[in-house]
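> Input: one structure, supplied below.
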Amino acid sequence: MVSPVTVVKSEGPKLVPFFKATCVYFVLWLPTSSPSWFSALIKCLPIFCLWVFLLAHGFTFLCAHSSARKILAGLIFSALGDAFLIWQEQGYFVHGLLMFAITHILYSSAFGMKPINVRAGLVITAVSFLCYILLYPYLSGPFTYLVAVYIALIGFMGWRAIAGLQLANDLWTWTKLSACLGAVLFMVSDLTIAVNKFCFPVPHSRAIIMATYYAAQMLIALSAVECQDVEVARKRT
């Protein structure tokens, strides 16, 4: 297993632009009441930096590992979703929802279907069902169905990320833990969005949504470098 110290030394410098871009977003804290291309750029900038983070591992690495390519594609659709949500009050919320739905499909495919981990699947199914029950009385029209489909997709993504961890069998790696934590934070972020939009105002909702979202995307991007780190570890042994 690759040690956390090795991870920090090898991956930390590549994430510096992401941390700087995230700080810029929170420092500027542009008002959501006046959407603009500049505010869209500032919001998407940390995700752009995660593109660069993955590309920094080389095209050879991306070409060799489909999971890394799928996570990069998911980050691209995430940036499109972020841009659409800047103008959600102008009718682009559904467009953003669609972009993130595609993102979750790509992430699910990247995490794979092995191991199955039925127990994790049942837990996520129960949590997803409870979330929909919470939201259902506040939904109307197409959102009654769109939100249900979206919850199913993000729940499936969360299941595939959590299923790979296998703590009890001591088969986990730091990247599988990263994927698991990233998926959970993504679900927290999206649930906060849904409750704040459809149910009732959540105190400090924007800060909670963006902090958990950026952390989730960073952790999921980190999970894509597992194959490279395993190869490095093998060469050293």
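Yeah, the Cβs are placed from backbone N, Cα and C, and that goes for glycine too.
Curation plays no part in TrEMBL annotations; they are all automatic predictions.
Since we're looking at a predicted model, the values are computed, not measured.
TrEMBL lists these features:
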type: TRANSMEM; residues: 37-64; note: transmembrane segment
type: TRANSMEM; residues: 71-87; note: transmembrane segment
type: TRANSMEM; residues: 93-113; note: transmembrane segment
type: TRANSMEM; residues: 120-139; note: transmembrane segment
type: TRANSMEM; residues: 145-165; note: transmembrane segment
type: TRANSMEM; residues: 177-195; note: transmembrane segment
type: TRANSMEM; residues: 207-225; note: transmembrane segment
> Top stretch among 37-64, 71-87, 120-139, 145-165, 177-195 for CB pairs under 8 A with the transmembrane segment (93-113)?
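The listed stretch sharing the most Cβ pairs with the transmembrane segment (93-113) is 71-87.
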> Can you work out which residues elsewhere in the same chain, 6+ from the ends of the transmembrane segment (177-195), have a Cβ less than 8 Å from its Cβ atoms?
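Contacts with the transmembrane segment (177-195): 100, 107, 111, 131, 134-135, 147, 150, 154-155, 157-158, 160-162, 164-165, 202, 205, 208-210, 212-213, 215-220, 222-223.
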